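Here's what Swiss-Prot has on this protein:
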- 675: active site (ACT_SITE)
- 718: active site (ACT_SITE)
- 352, 353, 354, 355, 356, 357, 358, 359: ATP binding site (BINDING)
- 7-190: domain 'Lon N-terminal' (DOMAIN)
- 589-769: domain 'Lon proteolytic' (DOMAIN)
């Protein structure tokens, strides 16, 4: 730095002056005093520095006075030129009213190669930005600057830099650092400018295109009018819709509503989005089959043949469809109208575990009726508008799934399958299940009104088939409107027949095989059903058959001489691996305190093991296994009954004055319901007496404090599960005996089903004799 010298100082509030800049300064009292002092001084210079709120400025610019005059508004001003940076020292005294400070000039070192490289990079960015703005005079001026420091200080004129950035440039004495800052700031601004210019160009191009399209449409309309294709009241599109409405077979109210919308279309501006909304609505209305109905087939023999060909078993559903056809055929033949004046529709809910054929049954029903078939998946639907549609005030509004299904079917009397209705949810957008109340109510659905159409749609001719896994998840008001048909799963004989008649031929064909090349014995099929799947349906059964066919196809491809292949029971380990399910009831109940119960889940019936144990400690009852409130109460009732009737049951009361623990595996699965009462009593008595429960026995029923066995639900599913689990004796409540009429005969033949009224009788029959327990204990 040079020697210190004393100069008058002028602090500016809003401006930053860098070396090389020529700027006007309005002369207020302080500025005039500083300018006068500078002109009177020997050097003729003054220091211009920014006024900072938080600190005293460290650097300023020594400036010379170029001219004194007036601004266009008449105010006095001085034009100054920044000459050199200076470091500001302490204040001092001087002549006149001006403030004086001591300063030291900052001298720039000779530029290095790195400095020149940075200067070249910055100049390239600066010239690119100036050329984009067509500032060619400034381009010429910048090209003439060779000093890197002077080039960097031209940024004082840059409008895209903030006051803080310019002040940082003023205080940065290192030229390399100054150029690096400017390269970053200018590069960012240039990129932002390019994006803004691109957006502006896109907007301008879009506006020009829109104006061009508008002009061409006006010219096209004028040409068509001259050719006589239009009258003075239409615009082409509206007349086209009028003609389509007149030709369409529409109900009178629908025709009137459509013509009103055409009138709105004629009055709508071409630039208004309303025109597009009206056209979409008119297209939707005209595409619906308002008066189109297919003729039902009333051939009962043909219907039975179709249903039996596609599905094995399911007699309840098949009988209901045949009854429906019989009524449909008999009423017109006798000149009788449908009761109540409603249409020919029906609403049935097919409830059962997965894989029993509920969804595929819908297509078979449609074929049997000679009707169109449409499937509507409801799983995961949470928006009421999915059912009723969106109101036309919303952008992108569409009709609901019911209206779209009718349009897709092309008739007003299709078979509509509403799949997985128990998976419907609800949130802030409404409850789809509540919207289905009107759809599935035969007394109301002849005037179903979709929000989008806002017209009455007659759904009374539609056959609605609804599928569900868990009936309890369907709202009671909705379930009340439907005819319930429960499909409880297949027996072992059913699965064998399905595999031989449906699954095996299909998977053999998919594997490119024939019956001459690969066969599966009946024993192998029964083994797969019993030890590899153990499911109510046949989905996993079919997957395993597909796996076996793939392995057989691979074997034949590697060794063609291996044909024909016969897969028998001993060969299953080679094709399917080891069995996944083995009879375990005998193993589970091999110790006292374990009883086998029966339960119903969303996947059908299943066995439920209840374990009881006792330990030293304060008397009490501990329950584990994620039990629900009802099941916890059943455990309390069972414990109270055993305590009260200990003598009759042969239980030592002291054995119950311990810490009793009841556990229901699996612990990660929530469980609830009253039907485990008798099983809990049996497990407690077995634990207290040391007598094991017979391994081939299962039981179900609710128990009272007096030991009465009350009826429960799901008898058919539970007996099917007992057969799959390899049980031979099942105890059920006496009042559930009428439910045995619904159980397949082969299941009843395989099981010894004993209706009981008193839990004491169940205990006497289910527990091993006392002398056997004593012998086992001694051994």
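Every residue, even glycine, has its Cβ placed from backbone N, Cα and C.
Features as recorded by Swiss-Prot, highlighted on the structure.
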residue: 352; record: ATP binding site; Cβ contacts under 8 Å, 6 or more apart: 358, 469, 486, 487, 488, 489, 536, 604
residue: 355; record: ATP binding site; Cβ contacts under 8 Å, 6 or more apart: 535, 536, 537, 538, 539, 540
residue: 356; record: ATP binding site; Cβ contacts under 8 Å, 6 or more apart: 314, 487, 489, 490, 536, 537, 538
residue: 357; record: ATP binding site; Cβ contacts under 8 Å, 6 or more apart: 311, 314, 487, 537
residue: 359; record: ATP binding site; Cβ contacts under 8 Å, 6 or more apart: 375, 417, 419, 467
residue: 675; record: active site; Cβ contacts under 8 Å, 6 or more apart: 597, 598, 599, 700, 701, 702, 712, 713, 714
residue: 718; record: active site; Cβ contacts under 8 Å, 6 or more apart: 598, 599, 600, 605, 698, 700, 730, 732
Which of 353, 354 (the binding-site residues) has the most other Cβ atoms within 10 Å? 353
Using the recorded ATP site (352, 353, 354, 355, 356, 357, 358, 359) as reference, state which further residues of the same chain have their Cβ within 8 Å of the centre of those residues' Cβ atoms, listed in sequence order. 350, 467, 469, 487, 536, 537
Would you mind pulling the DSSP three-state label for residue 718 (active site)? helix
What is the number of other Cβ atoms found within 10 Å of the Cβ of residue 358 (ATP binding site)? 26
Assigned conformation of residue 353 (ATP binding site) - DSSP reduced to three states: coil
Taking DSSP three-state, what's residue 675 (active site) in: helix, strand or coil? coil
Model confidence over the domain 'Lon N-terminal' (7-190) (mean pLDDT, whole number): 85
